[in-house]
Structures are given as C-alpha cells and as structure tokens.
C-alpha cells in the first residue's frame with residue numbers, strides 16, 4: 001500500500017509540469033510543497049524566481065538554488081503551487097494548518113493560475129472536518145471567539161503560536177461549511193479577524209491528486 005508521503009510526492013512531481021520556464025511563480029507552505037520544491041529543484045527547469053509564503057519554503061528553495069524574491073519586486077506570478085488541508089469538488093479549500101494562510105491568499109491572488117497539490121485523503125465532498133484556522137488580533141481574540149461560537153463553531157486558541165505578522169490563530173472545530181464563499185466572507189467581516197483559512201474566493205484552478213493509481217488532474221466540479 002502506498003504511504004501518504006508517497007502520494008504527496010506523486011502529486012508534487014506531476015505539478016512540475018504546470019510550471020512554465022522563465023517566469024516568476026508562487027510557492028506555498030507545507031509537507032506536500034516540500035516535495036514539490038525538491039522535484040522542481042531536481043527537474044532542471046529554469047524559472048526567474050519564486051515568491052515564498054514561509055521561511056521554511058524559502059530555506060528549501062535556497063537549497064536548490066531557486067531565487068527567492070519578494071512579491072513587491074514582481075508585477076505578477078504565472079502560477080501558484082500550494083497544498084490544502086481539505087479541498088472539495090469545486091476546488092474550494094481549507095488551508096492554514098501551518099498558520100500561513102494570510103500570506104498564501106496574498107500570493108494566490110497575485111497569480112494567474114492556482115494549482116493545488118494533495119494526497120487523495122484531502123479530497124472531500126464537504127469542507128469542515130479539518131479545523132478552520134482564523135488569524136486574529138490578540139486584543140480581539142475573545143470577541144472573535146464569541147462570534148465564532150455563535151456561528152456554530154468551537155473555537156480553540158492555538159497555544160504557543162504566533163503568525164508571521166505577530167497575530168494569533170484560533171482553530172474553529174465543528175463548523176458546517178455548506179456555503180464556503182458565504183462563510184469566508186462572514187468570518188472576515190468580524191472586527192479583529194485578519195483572515196481565515198477558507199479559500200473560496202481564491203479557489204484552485206487545477207487540483208493534482210496523488211492516488212494509488214498515480215497522479216490525477218482534476219478541474220472544478222469534476223468528481
């Protein structure tokens with residue numbers, strides 16, 4: 001039986017085909033992305049540079065001599081490659097288990113195409129089993145948590161974690177996310193919320209799924 005890491009690697013290696021040469025690209029964060037950076041580095045493909053969403057990704061890119069640039073240095077990105085904690089058939093996602101979802105949304109929004117890579121366990125019919133991360137200003141944490149509780153969730157502070165921007169993460173369990181786009185907007189309207197981990201406005205254009213049968217390329221609303 002294929003291990004989860006092997007499935008991630010299958011998806012990551014396939015994703016290299018979606019990277020155009022001589023362009024700037026965006027790179028996400030997480031274990032699947034680590035496999036992608038390795039595959040890209042070994043592929044010999046030449047890119048102008050990568051905008052990274054985390055220190056870990058930047059360090060790994062440097063190991064493979066892939067130039068890391070700031071988003072402020074480029075006018076746009078050809079493609080953004082990232083993983084997901086959950087992804088549905090519309091290619092809407094929950095992301096941010098690593099706490100980098102604000103940076104990830106910024107870079108995704110600057111990219112012409114979003115390619116999501118994941119192992120097949122992440123492909124779900126409905127979002128919400130994975131806790132939804134919400135980045136909050138520390139002084140508003142209790143206020144935001146009460147609002148999230150009223151929405152049907154069970155908020156839990158991520159102990160000992162501070163985001164890149166110095167904020168806190170509240171992980172929300174048990175939310176019924178039947179309408180991801182509406183839920184994303186409603187949570188972001190709460191005063192004190194910086195961003196949440198629903199990617200509906202920035203849904204993926206392509207999903208590459210690592211399966212027992214190999215890499216499967218999926219487009220929105222395909223089963």
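Placed from the backbone N, Cα and C atoms, the Cβ positions cover glycine too.
The feature substrate binding site is assigned by Swiss-Prot to 29, 30, 31, 32, 82, 83, 84, 85, 95, 96, 97, 98, 122, with sequence analysis given as support. Marked as active site, proton acceptor by Swiss-Prot: 104.
Note on the binding-site residues 95, 122: the fewest other CB atoms within 10 A surround the CB of 122. Long-range C-beta contacts of residue 84 (substrate binding site), restricted to its own chain and to partners at least six residues apart, with a cutoff below 8 Å, comprise 93, 94, 95, 116, 118, 122, 199, 204. Taking CA atoms as the reference points, residue 82 (substrate binding site) and residue 104 (active site, proton acceptor) are 8 Å apart. Closest in space to the residue listed as 'active site, proton acceptor', of the binding-site residues given as 29, 31, 97, is 29, taking the CA atom of each residue. Around residue 29 (substrate binding site), taking its Cβ as the centre, 26 other Cβ atoms fall within 10 Å, counting all chains. Maximum intra-site Cα distance, substrate binding residues 29, 30, 31, 32, 82, 83, 84, 85, 95, 96, 97, 98, 122: 16 Å.
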